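Trainee: Quick one: the structure is below, questions incoming.
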Amino acid sequence: MRVLGIETSCDETGVAIYDTETGLLANQLYSQVKLHADYGGVVPELASRDHVRKTVPLIQAALREAGLQAGDIDGVAYTAGPGLVGALLVGATVGRSLAFAWDVPAIPVHHMEGHLLAPMLEDNPPAFPFVALLVSGGHTQLISVTGIGEYRLLGESIDDAAGEAFDKTAKLLGLDYPGGPMLSKMAQAGDSQRFTFPRPMTDRPGLDFSFSGLKTFAANTIRSNGDDDQTRADIARAFEDAVVDTLAIKCRRALDETGFKRLVMAGGVSANRTLRQCLGDVMAKRGGEVFYARPEFCTDNGAMIAYAGSVRLAHGASQTLGVSVRPRWPLAELPAV
């Protein structure tokens, strides 16, 4: 079974084709980073217009890459939420229209389920059950996962997501959008002993997160210590260490609560090398395993949507005629299969 996946939830246009027997056949991605860089963040209207321009050409490119024709596709999966409503509507409209024209099922996919299942594309996929750390620009959540659609929210950010905090702090440090990866690179030259940032909400029970205060702490530290290159690197290091340590503390608590031996991390921030090393050490000490996707499948992409769509389609999921998206969509509302 071959499924075409379309991702347009924010500022990346992703299209991929996944075959349930042979794996990923094609993967095309267009990033809008340069488009939004001058504005310091994603402009929803510009994002939607660029998706309109890029989605169909990327679908054509994916079919060429896979050496397939329209008649070879068995289903069309598209991101139906959460995300920017205009951007979502572009992918949903194109996906639903193609499914109707090709007389194949259309499968609406939850963006975060796509991220959660992305490690399944690797050679050593995780087995159920596991704790999932979903950490991106829009979400920071800990999820108990016992099967497809069997998701229980353990904790989440009460304000900024970790990725959002990275980008905002990077902006304070004078880095261009998107600043998170640049902040991490800057942190490599930082002195880990110079500044100590707080580990928010780790001094109390619970699995929720809060990262907005770290941005404020960074701003105050910058004002108090100047803005030379080394100071900025030291602040970046202290900030990254605080975020990574906070995530690790909460992951340990979630593993203790569930008793699971496997940890999956997914989302854009899961590509962070410091976080990968830290959680790898955590799981090694516990005699468990940590799983994550290759870096290109951590950020938004069509491959994760095609895969998640293939899993749902194999269990009978499809949408009737009509287009609907959900800018807000709790993961726990998804049906189990």
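Yeah, the Cβs are placed from backbone N, Cα and C, and that goes for glycine too.
Swiss-Prot lists HIS111, HIS115, ASP300 with the feature Fe cation binding site. Annotation comment: Swiss-Prot describes LEU134, VAL135, SER136, GLY137, GLY138, ASP167, GLY180, ASN272 as substrate binding site, evidence class sequence analysis.
Explain the structural surroundings of these features, please.
Mentor: The secondary structure of ASP300 (Fe cation binding site), as reduced to three states from DSSP, is coil rather than helix or strand. Around ASP300 (Fe cation binding site), the C-beta neighbours below 8 angstroms that are at least 6 residues distant in the chain are GLU7, SER9, CYS10, ASP11, GLU12, GLY14, HIS111, GLY268.
Sequence-distant neighbours of VAL135 (substrate binding site) (same chain, 6+ apart, CB under 8 A from its CB) are GLN141, ALA161, ALA162, GLY163, LEU247, MET265, ALA266, GLY267, GLY268, VAL269, SER270, LEU275.
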Trainee: At the level of the C-alpha atoms, what whole-angstrom distance separates GLY138 (substrate binding site) and HIS115 (Fe cation binding site)?
Mentor: 12
Trainee: Mind checking which of GLY137, GLY138, GLY180 has the fewest other CB atoms within 10 A of its CB? They're the binding-site residues.
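Mentor: If we count Cβ atoms within 10 Å for the binding-site residues GLY137, GLY138, GLY180, the smallest count is at GLY138.
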Trainee: Around SER136 (substrate binding site), how many other C-beta atoms are within 10 angstroms of its C-beta?
Mentor: 24
Trainee: Excluding HIS111, HIS115, ASP300, which residues of the same chain place their Cβ within 8 Å of the centroid of the Cβ atoms of the recorded Fe cation site?
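Mentor: Here the nearby residues are GLU7, SER9, THR79, MET112, GLY114, SER136, GLY267, ASN301, MET304, ILE305.
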Trainee: Return the count of C-beta atoms lying within 10 angstroms of the C-beta of ASN272 (substrate binding site), excluding that atom itself.
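Mentor: For ASN272 (substrate binding site), the count of other Cβ atoms within 10 Å is 27.
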Trainee: I need the least crowded one of these binding-site residues (HIS111, ASP167), counting other C-beta atoms within 10 angstroms of each C-beta.
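Mentor: Minimum Cβ neighbour count within 10 Å, taken over the binding-site residues HIS111, ASP167, occurs at ASP167.
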Trainee: Would you mind pulling the longest C-alpha to C-alpha span across LEU134, VAL135, SER136, GLY137, GLY138, ASP167, GLY180, ASN272, which the record has binding substrate, in angstrom?
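Mentor: Between the most distant Cα atoms of the substrate site, 17 Å.
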